[in-house]
Amino acid sequence: MLDTFRSSSKLLKTFKEHTSCVTSIDYSTFHHQLICSASSDKTVRVWDVKKNEQIEFNEHSSNVNCVKFSPYHRHDVICSSLHDNTIHFWDFKKKQQLEVFEGHNSAVYGIEFSSFNFGRYLCSGSSDKTIRLWDVETSKTLYIFKKHRNIVCCVTFSPLQSNQNNYDYDKSNSIGVIGGNGYTICSGSWDNTIRIWDIETAKQITKSNRHKGIVKSVKYGSNKLANTILSGSDDKNVRLWDIRSDRQSYVFNGHTNFVNAVEYSPFIAKPSKYFNEHLVCSASNDNTIRFWDIRSNKKEFYLIQGKNKDNGICSLKFLLIQRGEDIIKMSLCYGSRKGFIHIRG
């Protein structure tokens, strides 16, 4: 519960090696103590949060906008998107670049692996106003989505469906048989819109333009919230959307500067007899992380104030950190505009 986190959590660690904005953070589901980070200082870094140390870094020729552990490769491979129009796969244990995806005509921002088929598919959003769907196994572009009118900042796949198996997939490269029946991609853009795309038909399903600024972050919900999308924007607002009705459910006001990242929180407020009050959170250039009750448009439920030197929060990720043989605690990791990475738990 959030009350427990709020009352007992403390700043566990600050990593200071980045020298500029921490644009992205990811958590390894295979190595539970590892996180990776990307920065506009042109580096990707890998950290062992249990040992509180950096274990590897890779320097690129341009800003790194997003980084993800690759579920398709399963072990020791990181994927990063760069300002030089490319996407890189890097084996950080062997210190070896595996391959580079080239196809975008401008900077690549958000990247995301598919929730199905072991992450065999990758989507990417770019300054060239397009989203590309890649087959990681063949290193080929399967389709290009083209209706955005400006930079595509963020992309995400819909979550794994409970009635589908993540083990079986058709080896064909054809768009109609990638094993993605019913799956969609959501994207946010400098054109202030959120768009949803059907993977099988490669067509836009819907478009929302309720935000009045650049859409910096979009996330699908899961389980009971599987039909919702959470978004954050330069209009300083956080919004929750109902996909089925194509309507905005809630708007959360309180940030005083751009919202850079949003996440569905693993925490709940005090559970009642009939329901649990789920919470979402957001990070902003106003140097705060705010938690919101999705059943209310009221003021934030809880606020974390960044350090004075942070100058704004750019990225965040929830982690499960082992504190002993049998104790695993939920922690919050967030990156600042000045390059600091903080872990609180």
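Along the chain as shown, residues are numbered 1 onward.
Note that Cβ sites are derived from N, Cα and C of the backbone, with glycine treated the same way.
Annotated repeat 'WD' per TrEMBL: 15-57, 57-100, 101-144, 181-207, 208-251, 252-302, in sequence order.
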How about the repeat 'WD' (101-144) with the repeat 'WD' (181-207) - do they touch, taking at least 3 C-beta pairs under 8 Å (6 or more apart in sequence) as contact?
yes
Mean per-residue pLDDT computed across the repeat 'WD' (57-100):
95
Same chain only, please: residues at least 6 beyond the ends of the repeat 'WD' (208-251) with a C-beta under 8 Å from a C-beta of the stretch. Say none if there are none.
151, 153-159, 186-190, 192-196, 257-264, 278, 280, 282-284, 290, 292, 294, 296-297
Other parts of the chain folded back onto the repeat 'WD' (181-207), taken as Cβ under 8 Å at six or more residues beyond its ends:
110, 114-116, 121, 123, 125, 129, 131, 133, 143, 145, 147-158, 161, 164, 175, 213-218, 220, 229, 231, 233, 235, 241, 243, 246
Going by DSSP, how much of the repeat 'WD' (15-57) is helix, how much is strand and how much is coil, in residues?
0 helix, 24 strand, 19 coil
Tally of DSSP helical, extended and coil residues in the repeat 'WD' (208-251):
3 helix, 23 strand, 18 coil
With DSSP, how much of the repeat 'WD' (181-207) is helix, how much strand and how much coil, in residues?
0 helix, 16 strand, 11 coil
